[in-house]
Amino acid sequence: MPNIKIFSGSSHQDLSQKIADRLGLELGKVVTKKFSNQETCVEIGESVRGEDVYIVQSGCGEINDNLMELLIMINACKIASASRVTAVIPCFPYARQDKKDKSRAPISAKLVANMLSVAGADHIITMDLHASQIQGFFDIPVDNLYAEPAVLKWIRENISEWRNCTIVSPDAGGAKRVTSIADRLNVDFALIHKERKKANEVDRMVLVGDVKDRVAILVDDMADTCGTICHAADKLLSAGATRVYAILTHGIFSGPVISRINNACFEAVVVTNTIPQEDKMKHCSKIQVIDISMILAEAIRRTHNGESVSYLFSHVPL
């Protein structure tokens, strides 16, 4: 693929390498380091003049440092005369701060959008934004890809009783997501209504739907401390579900999440690799990973060639 360069930030080099391999490319040379005062320094190690540049950096790990690193990499490529700079952000940082839900609350997702644009990004590729309206925070093109086709493929290949399952949303906000998956599998859906008083603390859960004598599959875009989905799993089991799975696009997994998952009644907690999971998997055999590198790689190929990416909304590329 001529006139294209792919660079990796520090957050998820394994995913970046998989994307490059699928495109038959080498990752571009870049050196990132910190000065003694903790300022980030980036050195692009090869010419990008006239190139179509893609920088892969996920919003995970040391989020603030990685975001700053991404901004500097974008700007470094832009002022080095790259023809176009696309930020490939599998898990978009600050996506949960997408609205003014109380007095004096910041809309930090909008701030991040502004920062990316000012740094010089011409295009954004991301996956399963926590709130789809974040696309409207940008004045540049944003392709919000979906993990749904890969999730459907995993369910059909790994859950033998998938025809006798119920797709469950752990909250009312995810109803659209689970109904889409349930419709494509031609199965029922349910949701759990939760009343929350404090952050990450669930006081009461009400199941709306039937899971008796069925496999229950909890689906959500992300999980952080996993308090909600672990309580939801208990609720589903007590309502008669035979087995419970959780499938999540972004496994943030912070705090005491490993012990919670190990002690929960899940058959498996399945996440995509928008965030690195290797260390977590060493301590929790229930965590399984769906590789989405082929989706991001195909989105990059289609973008570079001026083709539509809408095919990826319903298909997993080979």
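Numbering starts at 1 and runs along the chain as it is shown here.
Any Cβ shown, glycine's included, is placed from N, Cα and C.
Annotated ATP binding in Swiss-Prot involves Arg96, Gln97, Asp98, Lys99, Lys100, Asp101 plus, out of the candidates His123, His130, the residue His130.
When the ranges 180-195, 212-227, 228-243 are checked against Swiss-Prot, the one recorded as region 'Binding of phosphoribosylpyrophosphate' is 212-227. For the region 'Binding of phosphoribosylpyrophosphate' (212-227), the list of distant contacts is 91, 128-130, 151, 155, 159, 161-162, 164-171, 174, 177-178, 181, 188, 190, 200-202, 233, 236, 239-257, 260-261, 264, 269, 271: same-chain residues at least six beyond its ends, Cβ to Cβ under 8 Å. Taking Cβ-Cβ distances under 8 Å and a sequence separation of 6 or more, the neighbours of Lys100 (ATP binding site) in its chain are Pro106, Ile107. Around His130 (ATP binding site), a 10 Å sphere centred on its CB holds 18 further CB atoms from the protein chains shown. Counting only residues at least six positions away in the same chain, the Cβ atoms of Ala109, His130 sit under 8 Å from the Cβ of Arg96 (ATP binding site). Asp101 (ATP binding site) sits 23 Å from Asp139 (Mg(2+) binding site), counting Cα to Cα. For Asp143 (Mg(2+) binding site), the spatially nearest entry among the binding-site residues Gln97, Asp98, Lys99 is Asp98, judged by CA separation.
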